[in-house]
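Below you'll find the structure, written out as structure tokens, and then a few comments.
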Amino acid sequence: MSFVEYSDCIQDGDVAIVYLGHNSVMPVKVQQGAQTQTRYGVIRHSSDLIGQPYGSKVTCSKGGWVYVLHPTPELWTVALPHRTQILYTTDIATITMMLELKPGSVVCESGTGSGSLSHAILRTIAPTGHLHTVEFHQQRAEKVQEEFTEHRVDHLVTVRNQDVCKDGFGVTGVADAVFLDIPSPWEAVGHAKAAMKRQAGGRLCSFSPCIEQVQRTCQALVDQGFQEINTLEVLLRIHDVRTVSLPLPDFGPDSRSDGVEETSPNHAAVSLKTTTPPREMPGHTGYLTFATKPRT
């Protein structure tokens, strides 16, 4: 099992995602002889998980059932233990696209936090890319390194415990893209520019919840010679698809050219599919500021 390579069957040592319901998933470290408690009963790893195909429907001890899924960055985002506020798939998808990430890309990231975005980046740049991620907090840096090893992606990532605003990313002239999610990103813009490839240029993204942070970051980007600076906000609005019944108007009998009147079939209503907007929707998460370091 790896977060960047698919496996057919569950093996001892894998991290599997147990799907309990639409809004309830949990990660499980599969171990010979171990058990996992759920609200539907016990899952016995040796008999219920190991050797079973991913996607299997597993019956628990109380008679309820769950699905056991192969881990993906999207599932990890909703199942991971939160050590910090995290980025969710709506923002992650936009970041991955706007940074123009692809297999083989070299990316610098700060801060790592709970690793939600990091896993998505690693899947995108695998198998030949590399992620240099910087985390200021020592315990968080150690924990995310353990998770990368457990998820078998540690060969694609280097974790550094340092202050990116003072010490930079620990690399120079190698990055195709840089992502900043820190309280004062304007202080790290110079280090981000230094980490990028000198002749090829690159893309930068900064995530900030407050518009005052965006203003100072944009000014720092201008001062450092970045171009194509723009800020956007992603708001997800999911429409509900449902069936509605609409009454048909009665226009009276039809008249044919030979003068004989035809009576239209008596259909009181017609059913059709339609969409309705949500009454409530998730609001502001943060501003995404993108910029381009030009070729030199």
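Cβ atoms are placed via backbone N, Cα and C, with glycine included.
What TrEMBL lists as S-adenosyl-L-methionine binding site is SER114, GLY115, SER116, LEU117, GLU135, ASP163, ASP181. Sequence-distant contacts of ASP181 (S-adenosyl-L-methionine binding site), defined by Cβ-Cβ distance under 8 angstroms and a gap of at least six in the same chain, are LEU87, GLU109, SER110, GLY111, GLY113, LEU117, SER206, PHE207.
If you look up TrEMBL, you'll see 247-296 marked as region 'Disordered'.
When Cβ atoms from all protein chains are considered, those within 10 Å of SER114 (S-adenosyl-L-methionine binding site) total 22, not counting its own. Minimal Cβ crowding within 10 Å, among the binding-site residues GLU135, ASP163, is found at ASP163.
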